Amino acid sequence: MRKPDRGTLMAALGGLAAVVVALGVVFPGSVAGELLGIASRPIMAEIALRLAVPITLAALGGIFAEKSGVINIGLEGLLIISSFTAVLVAWALGGTTSAALWTGFAGGVLASVLLAGLFAVVCIKYEADQIIAGLAVWLVALGLAPFASSVVFGGKNTTSINRFSEWTVPVLHDAFVNSGVGILSYVGHVLLRANPIVYLMFGAVAVSWYVLNHTAFGRWVEASGENPNALDTAGVNVHRVRYASVLVSGLLSGMGGAALSVGHVGSFVGNGTTMIDGKGFIAIATYLFGNYNPLGTFGAAMLFSGLESLQIGIQQFTPYEVPSQLIQVIPYVTVVVVLVLVGRTRIPEAAGEYYESGDDR
Amino acid sequence: MSQDTPRWRRAIARLVDASVKERLVISVAALVLAVAVGFVIVTLAGLAASCTTHPTIFGVRTPSCYDPFAVYSELFLGAIGHPEQVLFGTGTWTPLDFRVASLLRSTTLLVFTGLAVAVSFRAGMFNIGVQGQLLLGALAAALATVYAAPLVPGGVVGTLVLVPVGIVAGALAGGVWGAIPGALKAYADANEVITTIMLNFVAANLAYVAVSTWFTPADSSLVQTATIPAAARIPNVPFGFQPRDNFSLLGLLFAVALVVGVAYLLARTSFGYDLRTSGSQPEAAAYGGVKEKRTMVTSMGISGALGGISGAMLVLMVQGRWLSNLPQLGFDGITVSILAGNNPLGVGFAALLFGVLKSGSAAIGFGTNVPPALVDVLRGLIILFVAMPEFFRLLGGRLGVGGDVDA
């Protein structure tokens with residue numbers, strides 16, 4: 001099948017959105033008008049940003065790992081283990097103070113880095129099949145977190161604790177919100193007062209973009225995935241670059257999982273497929289859609305989380321009696337559609353392959 | 001086809017091509033190691049848990065709340081109803097114990113999900129979507145038997161018609177749902193690991209909405225279908241466990257027959273040859289005239305059909321209706337298949353072993369204060385260890401038995 005390239009696809013999406021907006025403006029009473037009315041509320045953008053956090057952070061991690069040549073399909077497991085551990089640690093410290101929550105956050109990140117380290121050793125030192133090892137990371141976390149929760153909390157769901165309180169940009173927030181100008185007030189509501197995890201996400205996107213495009217480490221990561229032999233010849237240890245990249249994927253995914261549990265929700269839900277519910281796999285589709293570019297990946301994550309927040313909005317603000325389970329299907333179907341339509345995603349040349357350096361043995 | 005596909009397949013080929021002996025050693029070693037790590041996890045978890053009485057191990061009172069020896073005694077002996085009681089004269093035991101029935105019930109269902117995963121892996125694809133195929137197969141089987149019941153007589157004739165109708169309906173639903181990611185992979189190069197996982201969520205939500213909107217009886221407070229007619233239950237022949245055990249030897253025989261059937265299909269038919277070569281040597285297969293795209297869709301369809309059959313059996317033998325919280329046998333199937341080296345005959349044994357773990361998990365919940373979710377931890381650990389044959393090769397080399405493991 002000939003696939004449309006990314007530009008065509010984005011243009012089509014943009015066109016569709018423009019049509020809906022135009023219809024909404026012209027016929028305010030129509031469904032399009034109603035959707036536009038909901039989507040233009042600041043709260044919808046705020047929800048979309050918060051929902052994008054775990055997906056974006058895990059996807060950024062996935063970019064580092066896969067660019068270096070290790071396909072990390074276990075992002076889901078890293079999100080699960082960090083979201084649980086963060087709640088556990090924060091709860092053990094009382095679960096109410098900001099210090100307890102941030103320590104819990106750090107604990108969650110640490111757990112994810114450790115699990116990613118295990119994955120790295122299994123893949124790089126013991127030459128495991130990366131897909132199966134990644135599935136193992138997912139299934140280990142899917143078993144371990146609900147088990148540990150049952151041990152400590154007596155059930156697969158933890159007790160509720162506090163969550164991060166919002167940060168406000170001083171002076172500017174009030175100035176923007178009270179400016180009386182629609183767009184400034186919107187920006188003030190959405191961007192100048194937000195959950196710290198949103199700022200964390202912006203920071204991570206910027207730093208990842210910079211590191212990948214403008215540092216020596218970024219070039220090593222690229223070479224390690226595209227042409228490990230050349231990197232080896234240049235005197236850089238391929239295995240070390242890959243270890244570092246997988247650990248970075250653990251760090252970023254850990255921030256994503258902990259942000260969801262102690263940042264946004266205030267508990268861990270371990271029933272069924274846990275509160276992560278496929279976000280790690282959506283993250284993989286996200287960075288494929290974003291073509292391994294942190295900025296494009298963030299855009300793709302916003303597409304998914306925007307759809308999800310619109311679903312919440314439709315349920316809250318319209319009288320339509322659509323079963324919520326039906327609307328929840330939309331992001332998952334979108335992932336499938338994206339994978340079918342996305343063209344020209346060229347995975348790194350050596351991704352998925354064990355690299356045997358000449359002086360190993 | 002894109003450049004990445006052959007490489008993914010080569011990786012699987014590496015796993016598939018290892019010799020049977022090597023595979024056996026690795027699987028047993030992985031199992032032992034998972035059990036050992038589980039031992040440590042139980043002990044550590046016991047330190048974090050709270051309890052009033054601490055167990056005494058070898059005459060020493062432990063600081064841990066959990067007794068790992070008791071856990072493993074329940075996991076392996078409790079799983080079959082504690083037959084050692086007879087030896088010690090502390091109780092009675094028969095092979096028809098309800099725990100034996102529970103073990104064989106899980107084994108039967110896991111054979112189908114294990115085979116489902118194995119067929120896809122052998123074809124060079126990862127069907128992680130067996131759980132979704134199971135859910136839809138279960139729903140199709142429940143609806144088909146409920147709606148076909150008024151059209152057929154009751155009794156033996158009814159059973160002879162309804163049971164096959166339910167199984168075929170389940171296989172069709174699962175097969176179609178499985179063929180979708182196969183087609184997306186073949187014709188649009190969409191990564192099947194992700195699409196199958198996404199379709200799990202889609203299947204669960206769609207089935208839930210369909211049942212809650214159209215098929216839940218008016219007097220039911222839960223989201224579930226009506227109970228299937230008695231004639232549609234798999235009959236408890238040739239001889240019986242208790243009816244309440246929800247297990248029929250006939251069901252197990254059907255599972256064994258499918259093991260043999262799939263083994264024959266893969267090893268002895270030309271389709272099986274095409275399937276295996278397109279999994280292990282895709283270039284050679286394409287060169288040899290294998291219609292690889294069609295093979296992809298067909299093998300994912302067969303894989304999905306097996307997943308659908310597991311759902312049908314779950315309804316016809318165990319649950320008697322479709323429920324929204326069906327067990328996660330699809331994910332267990334991944335471990336069963338990987339543990340079996342994706343070999344259909346091996347799937348039989350791995351399913352038996354997993355049946356022990358499943359039944360043991362219930363026994364743990366009953367006989368100890370340790371959460372039965374422990375078994376889900378072991379499930380992940382087993383895959384992790386099976387995934388790293390090199391680890392055991394190095395370990396074997398250290399211990400001086402390397403020659404044994406080398407292929």
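The backbone N, Cα and C atoms fix where each Cβ goes, and this holds for glycine too.
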- Query: Can you check which of B:59-80, B:279-300, B:301-322 TrEMBL lists as transmembrane segment?
  - Reply: B:301-322
- Item | Beyond the flanks of the transmembrane segment (B:301-322) by at least 6 residues, Cβ under 8 Å | 105, 108-110, 112-113, 115-117, 119-120, 123, 127, 129-143, 145, 163, 166-167, 169-179, 182, 207, 211, 215, 224-228, 232-234, 246-248, 251, 254-255, 258, 262, 329-330, 333
- Note on the structure: Best-packed against the transmembrane segment (B:103-121), counting Cβ pairs under 8 Å over B:133-150, B:156-180, B:192-215, B:247-267, B:334-357, is stretch B:334-357
- Note on the structure: Of the listed stretches B:24-49, B:192-215, B:247-267, B:334-357, the one with the highest count of C-beta pairs below 8 angstroms to the transmembrane segment (B:133-150) is B:192-215
- Query: Can you find at least 3 Cβ pairs under 8 Å between the transmembrane segment (B:24-49) and the transmembrane segment (B:334-357), where each pair is 6 or more residues apart in sequence?
  - Reply: yes
- Query: Restricting to the same chain and to residues at least six past its boundaries, which positions have a Cβ under 8 Å from a Cβ of the transmembrane segment (B:247-267)?
  - Reply: 101-102, 104-105, 107-108, 111-112, 115, 118-119, 122, 234-239, 241, 275-276, 306, 309, 313, 317-318, 343-345, 347-348, 351
- Note on the structure: Spatial neighbours of the transmembrane segment (B:192-215) not adjacent in sequence (6+ beyond its ends, CB under 8 Å) are 125-129, 131-133, 135-136, 139, 143, 177, 180-182, 184-185, 223-226, 300, 322, 324, 330
- Query: Are there residues at least 6 beyond the ends of the transmembrane segment (B:334-357) whose Cβ is under 8 Å from a Cβ of it, and what are they?
  - Reply: 15-16, 18, 20, 23, 27, 30-31, 75-76, 79-80, 103-108, 110-111, 113-115, 117-118, 121-122, 128, 130, 255-256, 259, 262-263, 266, 375, 378-380, 382-383, 386-387
- Which residues of the same chain, at least 6 past either end of the transmembrane segment (B:156-180), have a Cβ under 8 Å from a Cβ in it? 116, 127, 129, 132-134, 136-145, 148-149, 195, 199, 203, 228-229, 231-235, 297-298, 300-313, 315-316
